[in-house]
Amino acid sequence: MSAADTSTVKKTGRKFDANLLRRRVKLSLAHGFVLTLVVIMLLPLVYMVMMSFKTSTEIAQNPLGLPKSLYWGNYMEALSSMGYVRSVLNSLFVTLSVIVVVVFAGAMAAYPLARIKSRASQLIVMIMALGLATPNFVTITPIYVIFRELGLLDTYLGIVLAFAALKLPLAVFFYTGFIAAIPIELEEAARLDNCNNWQIFWHVIRPLLAPVTATLSLFVMIMVWNDFIYPLLLLTDKNKLTVMISVYKFVGNTGIDPTKLFPAAVLGSIPLLLLFAVFQRKIMSGATAGAVK
Amino acid sequence: MRHRKTLYLFIIPALLVIGVFFVYPIILTFNMSFTRFQGIGKATQVGLKNYDRIFSRDRYLEAAWVTVFYTVIVVTAMNLSGLFFAAILHRLPMIRNFSRAALYTPSMISFVVVAYVWQFLYSPLNGGINVALTKLGLGAFTQNWLGDPNIAIFSVAFTQVWMFTGFTCAIYLAGFAGIPEEIGEAGRLEGASSWQRFRYLELPLLGPAITVAVMLTTIGTLKTFELPYILTKGGPDGATRMLSIEIINNLFGQYKFGFASALSILMLILVLFVAFIQNRVLRDRENTQ
Amino acid sequence: MNKTLVAAAAILVGIGGSAQAMTDLDVVAWKGNVAQPAGLPELIKRFEEQNPDIKVDLSYVSRKDVDKVVPPRLQSGNPPDVTMVDASLVALWGGAGFLSDLGEDHDWYKKMLPSVKKVMTLDGKVLAYPLEIVGMGNFVNMDLLKKAGIDKAPVTIDELKTACTALADKGISPMIFSGGFSAMLYVGANGINPKGPSPAEFGNGDLKFADDPNYNAALDSVRDLVAAKCFDPKLQAALDPWATAPQAFRSGTVAMLPHGAWNISDFAKVDGLNFEFAPMPSSFSKDGLALDLVGPGWAIPKDAAHAEAARKWIEFFAKPENLNVFLSVENAYSPYSGDATPPPKFSGPYTAARKAGDSILWPFSNEEFPKQLQSEWENSLTGFLLNLDKPNKDTLDRWDESVEDNL
């Protein structure tokens with residue numbers, strides 16, 4: 001190796017160093033910038049939590065200040081009248097059941113729709129689109145009447161079906177897109193082994209669906225947790241009500257009192273956020289992947 | 001080909017549910033739209049009177065226009081902000097997971113609660129935003145956010161964008177994750193800047209993600225009523241009155257179920273029409289790129 | 001032998017009877033939640049003590065959601081045993097035949113105020129047991145007023161203007177005037193002449209708002225308030241009357257708030273808030289005008305599964321000692337004559353105006369004005385406050401059109 005060579009190596013090395021430094025600074029600036037933006041996005045939620053600890057006077061006179069003291073009175077009052085644990089467990093149970101129904105019915109329907117391109121399948125896709133486009137309030141009365149006929153009122157089964165129906169069109173769309181992207185060769189191999197449709201679906205397709213399922217689970221979770229019209233409409237047994245109904249008790253007919261609503265809202269949302277925090281890696285790593293594939 | 005026919009059996013459970021929960025109610029609504037009905041008791045047939053009324057008044061066309069305008073600004077802003085965050089976070093793996101989850105959090109809170117929180121943030125009486133602006137020395141920018149008819153629709157839209165930026169961001173991140181590593185690497189070796197890589201290498205490959213994000217947010221926003229209902233009730237004086245609010249008011253404020261049904265049918269047609277056109281355009285775009 | 005058989009049968013019946021006798025009374029109400037308990041938790045306890053065979057199952061559904069949740073139940077023959085109703089629901093559900101006739105031979109029916117009777121009955125059927133008359137008027141923060149050198153709640157327009165100017169000069173925000181509610185109360189109190197034609201004549205289109213001198217004067221009077229520095233119309237026009245407006249008064253940052261008496265119990269819990277509930281200042285009276293709202297009542301749906309127990313529930317409320325619990329928490333007035341009901345707390349000036357006969361029934365609460373007109377008032381008054389320069393006719397024409405639309 002000649003001297004000239006080493007000098008160029010040295011030179012590029014130094015240049016590289018400067019570049020590296022520049023890149024490092026740029027990178028940490030970028031990190032700082034994005035984190036600042038993210039924190040700004042979270043401020044309204046911080047505002048809610050702060051309001052939940054304040055007294056009325058503090059909210060009005062010092063809206064941005066920290067609460068003078070952590071005034072737990074708001075929380076105690078909310079907790080004592082919420083039936084908290086029971087309703088959280090109900091929400092969890094209903095959420096899980098809805099996920100099961102949505103995932104099975106959705107994935108099963110999507111399989112043929114992804115594989116067969118015929119008039120019939122296109123028509124069915126159109127019908128599913130109708131479900132996606134329908135505003136929820138249109139369906140309230142007919143659903144009640146049907147449930148009454150079927151004896152589904154005030155049952156877990158009823159509320160699970162009602163919620164599942166709301167997310168089913170979306171599930172079908174997601175799964176259809178996802179399954180269409182799965183190479184057909186996988187199935188053809190199985191078919192040569194004399195597998196029937198169900199076996200192929202169960203052993204070949206189903207194991208690949210985890211990312212979409214994660215996405216849908218998240219949507220279902222959010223919906224079941226926050227909807228209160230269906231539980232109000234379909235359930236009368238207090239022991240079956242979901243957690244949002246407990247929060248709803250703090251919304252008056254003639255407006256709201258922030259010192260009462262926000263503690264209850266925070267309490268109602270915490271289990272969902274915890275659930276999300278625990279599973280977020282799992283949920284988010286595949287999240288919405290299905291939609292995009 | 002026998003397996004194809006039996007494959008259709010798989011659709012039955014979903015079809016049953018969709019039929020009972022969507023098709024049947026829509027048929028009922030369609031029938032109801034030709035009646036005068038108070039939601040209870042007897043319905044009287046009135047033919048096309050409800051539709052005639054809708055098209056003979058400016059009010060409902062205005063509401064449709066507000067709906068479309070609101071949807072356009074919300075969908076545009078929501079997708080740009082989601083794409084912006086996703087593009088940056090894609091390059092910053094260290095904080096990607098945390099930021100994605102944090103951005104997603106607002107959409108997990110109930111609409112009712114979010115709306116009331118923002119009611120207090122926007123309030124002209126010592127509301128959080130105006131106080132913050134004053135404290136930052138930006139007092140000149142304080143506004144009557146929900147009370148000024150020219151601003152209110154943007155304030156409501158902003159809340160919705162805030163709520164769902166994490167949602168679009170997650171979709172776009174998933175799209176980015178599907179782009180093969182080598183493509184970005186190749187771009188970097190050729191000395192492309194971050195922006196150039198985004199514009200010429202990544203964006204064209206995000207087609208499917210754009211389609212999904214734009215369509216889902218469009219349908220969701222066209223149907224939305226919760227935020228404007230609590231934040232402005234369609235006010236001030238109609239400035240944020242969308243079709244969905246008009247429907248809710250007719251249904252539950254005035255018990256005009258027949259009329260509200262006619263409005264619902266028109267809204268359904270609007271949603272389907274927009275979704276259809278979007279699907280066409282976006283899919284074509286995907287295919288040509 | 002026979003005897004033992006009979007005894008055995010009696011025991012069996014007795015056991016079966018007592019097992020069956022535990023009745024779950026399904027009650028739907030938009031009061032009784034945490035935000036507005038209305039004394040119901042206490043009353044339910046008392047009712048269950050007196051009727052050990054009945055268990056009350058109260059579901060809170062907000063007034064808005066009652067419209068979504070109850071009609072499906074009525075229509076499918078699976079209604080609650082007792083449901084809360086207001087004037088519009090009596091007309092709607094009763095008109096469609098879904099409420100049962102409670103009958104005229106109750107003492108409470110005979111005592112019911114005639115104006116309330118008109119609302120709670122339909123085609124000769126008594127469809128609801130009314131619970132209360134709620135006042136709507138002007139909340140006044142007496143401490144803030146004192147700071148401006150005034151120690152009496154204003155009840156005439158002149159007093160109001162004087163108070164506003166004095167408060168504003170002291171740097172105190174005088175008044176909440178949101179187009180969505182407070183402005184309606186003020187315009188109502190100055191437009192609806194208690195000695196003039198019935199509001200129903202405007203509500204059915206016989207008379208035109210636009211031609212009426214009183215409604216015109218009421219709008220002019222709003223401009224006078226602005227001139228007297230009562231409030232900034234552009235700032236307050238679209239203020240949310242249900243969340244941020246009461247919050248401002250609760251926190252003691254504003255001196256007056258036209259609103260409903262349902263806030264009294266909430267405001268009373270705020271430490272250091274010294275307030276009075278006064279009638280609306282009005283040009284029609286020197287005591288101010290009390291705006292009485294016909295509150296909700298109990299109704300028994302036609303297909304109620306436990307109609308017997310439901311009637312007991314109503315009979316229970318008909319006893320003054322029970323109704324008074326409800327009324328005192330609600331700070332409301334009894335809809336029955338002759339009952340010794342303690343006057344609502346903090347409401348001295350309002351009660352005085354009622355006693356002096358200076359009160360009207362709020363026409364939106366007894367169906368004299370159609371429901372559609374209410375949202376038109378809210379919207380048009382917001383629009384009016386945003387642009388006070390436009391002629392009154394613009395606003396009043398919208399009301400007339402809304403009435404016409406409804407016919």
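One is the number of the first residue shown, and numbering goes on along the chain from there.
Yeah, the Cβs are placed from backbone N, Cα and C, and that goes for glycine too.
Unlike curated entries, TrEMBL annotations are predicted automatically.
According to TrEMBL, the feature domain 'ABC transmembrane type-1' maps to A:88-279.
TrEMBL lists A:29-50 (among others) with the feature transmembrane segment. Listed as Cβ neighbours of the transmembrane segment (A:29-50) (distance under 8 Å, sequence separation of 6 or more from its ends, same chain) are residues 66-67, 262, 265-266.
Below 8 angstroms of C-beta separation, residues 124, 128, 156, 159-161, 163-164, 167-168, 171-176, 178-179, 201, 205-206, 209, 212-213, 216-217, 220-221, 224-225, 239-244, 271-272 of the same chain, each at least six residues beyond the ends of the transmembrane segment (A:88-111), sit close to that stretch. Annotation source TrEMBL lists transmembrane segment at A:88-111 (among others).
The transmembrane segment annotation in TrEMBL covers A:123-147 (among others).
Sequence annotations record features per position, and here TrEMBL assigns transmembrane segment to A:159-184 (among others). Nonlocal intrachain contacts for the transmembrane segment (A:159-184), taken as residues 6+ away from its ends with a CB within less than 8 angstroms of a stretch CB, comprise 94, 97-98, 101-103, 105-107, 109-111, 113-115, 125, 128-132, 136, 143, 147, 152, 205, 208-209, 211-212, 215-216, 219-220, 223-224, 227, 230-231, 234-235, 240, 289-293.
As annotated by TrEMBL, transmembrane segment applies to A:204-225 (among others).
Using a Cβ-Cβ cut-off under 8 Å and counting only residues 6 or more beyond its ends in the same chain, the transmembrane segment (A:261-279) has close neighbours at 48-49, 51-53, 74-75, 77-79, 82, 84, 88, 91-92, 218, 221-222, 225, 243-244, 246-247, 249-251. The transmembrane segment annotation in TrEMBL covers A:261-279 (among others).
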